[in-house]
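According to TrEMBL, the features are:
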DOMAIN    101-203  domain 'Ig-like'
DOMAIN    217-312  domain 'Fibronectin type-III'
DOMAIN    337-430  domain 'Fibronectin type-III'
DOMAIN    436-529  domain 'Fibronectin type-III'
DOMAIN    532-634  domain 'Fibronectin type-III'
DOMAIN    637-734  domain 'Fibronectin type-III'
DOMAIN    720-824  domain 'Ig-like'
DOMAIN    1020-1096  domain 'Ig-like'
Amino acid sequence: MEERYEHKTQARIQDVVRIYELCLLTTEPMIRGPKFMVRLRSHTVFENSSIKLFCTVEGFPMPVVKCIRLFKVVRVTAALFPSLSHSPFLPFYNISAAMLPQIQYTKIHITFLDKFGPVFATEGQSATLTATMTLNPNLANLQPEAQWYRDDTRLFDSKWVKIHTGRGVTTLTIPNLFKDDEGLYKIRLVTKGGTAEHSAFVSVSDGPPPVPGAPGAPMDIKIHDANRDYVIVSWKPPNTTTEGPILGYFVDKCEVGTENWTQCNDHPIKICKYPVSGLFEGHAYYFRVRAVNSHGISKASRMSDPIAALDPTEFENLHGGFNCICIEKSEGKPPGAASGIHASEIDRTYVVLSWRAPAYFSKAPMWYYIEKVTCGAWQRVNTQVPIRSPRYAVFDLSEGKQYKFRIFAANIYGASEPSEPTGPIETLQLKGVPSAPGQVISTRETNTSVLIQWAPPKEPNQLIGYYIDQCVKGSKDWTSANHKPHKDTKFVVSGLTTGETYVFRVQAINELGLSDESQESAPLTVKAALTPPSAPYDIALLNCDGHSMVLNWKKPLHSGGANIKEYYVDKRRSGTTMWREVHIPPVTERLYKVEGLTEGAVYQFQVYAANLAGLGPAAKPSADLSCEAWTMPEPGPAYDLTFSEVRDKSLLVEWQKPVYTGSGAVTGYHVEYAKKGTSEWTTANETAVSHRFLKVTSLEAGASYTFRVRAVNAAGVGMASMASDPVTAKAVEGTLYSQTVSCVVDEKSGDIVLSFESCQITEGSQFIWKKDYKEMTDFSHGVVIKTEGSHSKLIFKNAEKEDFGTYSVSVTNTEGVSSSYTISAEELAKMLELSYDIRHPIIPLKSELAYKILERGRMRFWLQAEEISSNVTYKFFPNKMSHDVSTGIIEFIMDHFTEENEGTFTCQITDGGGKGQSSLVLIGDVFHWYKEDTEIIPDVKPDLGSGVCKLPIKLVIEPTEKDKGKYSIVITNSENSHKRTLDLSGDVYEKAFAEFQKLKYEYYFKFVVGGLPDVVTIMEKKTLSLTCTVCGEPKPQVSWLKNGADVELDDQYVVSLDQGKFASLTIKGVSMENSGRYTMIVQNKYGGESVDIVVSVTAVYHK
């Protein structure tokens, strides 16, 4: 492969230099390709006239020039300045130049050093795309050509795009972004030997609207069929993911050289195409479009390129168009009939007609007339504007209707016969927006992009493109993935968040607007697509017995985004080309014993790795390995060197023990290291270590080292392992905390927890915990590993004294993130004590057990804990216990407290693993009364159960002045005392005396009336006795009423008042006349009360 692109030999270069000197070319390149300095021009001539075609070419060596007419070579009269003459009429000539001799150009290899990535910008901003490259070889006269593309359309330097290339850097700058600038940008570097490409997507979202809720600006303004008095303007609608539907569009025009924009249509048009008429012939115009919805009008689109209102024939002449017309000299006749009339474009309200010009026999100007017909007579279309070009748009047609057209050619001498009419041409009928696209499928692309594919709509209805929307799963916040219609049915959505889950939907677009949304795609988590793994490498021989070999190899550097599932091993005899697979099925470990070998033969091996995406490339063939039995007494090589806890000046090396142990068991290991690129090996440990790991210190920060390991047995030091890949002594970027394992005792559970937070994490990362650098696999003793995101914990539920040691953790699929923590026996003992205290805690109390005397002789005992749960239990009294979890209060109510209850009260609390206790002593006299510092001994002992201690003051009738003074009560217990004082004088005495008068009045006014029913029913001839109890001071008087009148006492009615409190009314031999409402009135000088009783007497019936 490399031989096909080798550079020129030194001799060839010297030859070229010699030619260069002979030609005296001091500033120009040695070799120049053919180039037209002056190109051929188009000509229109009369028949039988002579014509000379001139062109100028240059190049070195001298080019060979050929003139081609109708694909046949014509003789050229000169080489450097050819002058061509030929007759008759020349329908077409093509001049080509070729180099002699043919040169094999140097293959230039282009390597991108810095590539531009996806850009996400907003309208009005600027964007710069830069690519930096190196060339090999870098020849000044063979620099690559930088070609920039947007959506496969070549871009050139203009007022919209600025391109600069030089000195290994090419830059494209968009100074003022519009949505028209959105697309896939590609840089293509073209050399004589090939190309190099790179591409990335540029997203341009809508800028802030002039009015909140207004739509985004239309885009991609195009001008079609420009003529002397009209143009047709088309555009693409904006996406309306979050805005309301578009109601229509306004088209604006501006004459070149002015800044006066005028609106072309009075009312919004609903389709994305509009014919603008009323232009001035020969004037040039810009056009732009604005969208309208219910909220307002959008910003204007990017203005179109300038377009002149000219006849197409004149426009082609101005722009160098080639138009060959065969003309015969003839005057005074009208032209012949046009032919080949057809519709080159059909829309809803207009048709663009094209035809072939007739054979014309006069120098007089010729023009055309168009007629149309539906079902009646022919009608002239262009009555005021003569048509000079064989192309014209007929407007004001009816939608969905059939027409026929014919053409008349005319000059000053008259009109031709009409052309053959066209067949029926039916204008388009408005069918509405496209139907919704079909199923949307999303697939993984990279860790920040997703490939979206969908089925096209069943009813495209002149489809323009598609808009794609994206949304995070579970939310309704839809955003636009593209802001310019996409033509294909697949699209790469960029700028997504790695690990986030998205759903997608698609809308189709035509001139009328947007279709309904498609169904949402299935949720997809953003992550890189799977690829086959890279090749394994460094195949090593670990043992040989003369008939088999034990091989080991290093795993691929790139797994392809999935775990490597299996390996395939091939072998061949050294010197042969045929590889043979040595095992079926494939192996899963990187250690394999190849059997069935020939003793003394020399073999080579290669290994493939495979994952879910497929089989990767083969490893580089191993060195020649001779199948001869190992008999040396020293151990064979160790293998699988791995590194962790890489810091600026230290790292930890781990390895696997040798497969071949020699004449005795392996007793230790030596680790050696050398700086990258040197062969000076240094032994890290002079004394062999018995374990299979070693922390190497005193390294140079930032330096790269390779390592190897030698095993030791009684016979001596064995073979060195294969050297490791270079490792740089530099800590992984991240905070100090993220590289340290912390060890704490959980304050709630009492578990011993080793915790590690990684500064790097990927989707496939795993935390590997080890004890003494051996992976932990036994979790039967309450050891649990919990991992959430970038945080992993090793938890000891039931730690034991034997659990001390070094615990390490490493994170896979990172740049070597790892750390360790050593738990000593002393530290473990302290943590076990702390764990016990946490699991058997004493419940802290905010307040100890206390009491409060309530009403009616009840006693409230209570205490308050710092915190309790709903599962709290306690022991005190079995009646009326309660607790409040929010406040931590536990209380007990005793219905009646007496002297017999005196003593020590204790409350025991149990809450989970915690316990608490509080005691209260209630013994001895606690109440003492004083008046003016003189103790008063009450006649009645305090009743602790009542909650109130009273001091009775003996009074004859009413309080007197001598009862005024200061009264005090002292409440004491074994620890402290409380004193309360009342000054019974002044306003306090007056208020108390007033209260006395009130209570006295209420007491003497009060009557207790009871024992009388509301209704009494009794049979005739029975005796009725109405009796109730009354009381009052002084003794009340009792009177009786019947139906509001006093009861007249006689032999039938008898009233009595026994012992001053039992009042009764007796009715003997009751009859129907005794029925009625009876009222008893009780009164004394302070007031009275009354009670009503309804008496009903029923008759006695006899059989």
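Cβ atoms here come from the backbone N, Cα and C positions, even for glycine.
The stretch in 217-312, 337-430, 637-734, 1020-1096 that contributes the largest number of Cβ pairs under 8 Å to the domain 'Ig-like' (101-203) is 217-312. Across 217-312, 436-529, 532-634, the stretch most heavily in contact with the domain 'Fibronectin type-III' (337-430), judged by Cβ pairs under 8 Å, is 217-312. Residue counts of the domain 'Fibronectin type-III' (532-634) by helix, strand and coil are 0 helix, 43 strand, 60 coil (DSSP-based). Remark: secondary structure over the domain 'Fibronectin type-III' (637-734) totals 0 helix, 44 strand, 54 coil, with classes taken from DSSP.
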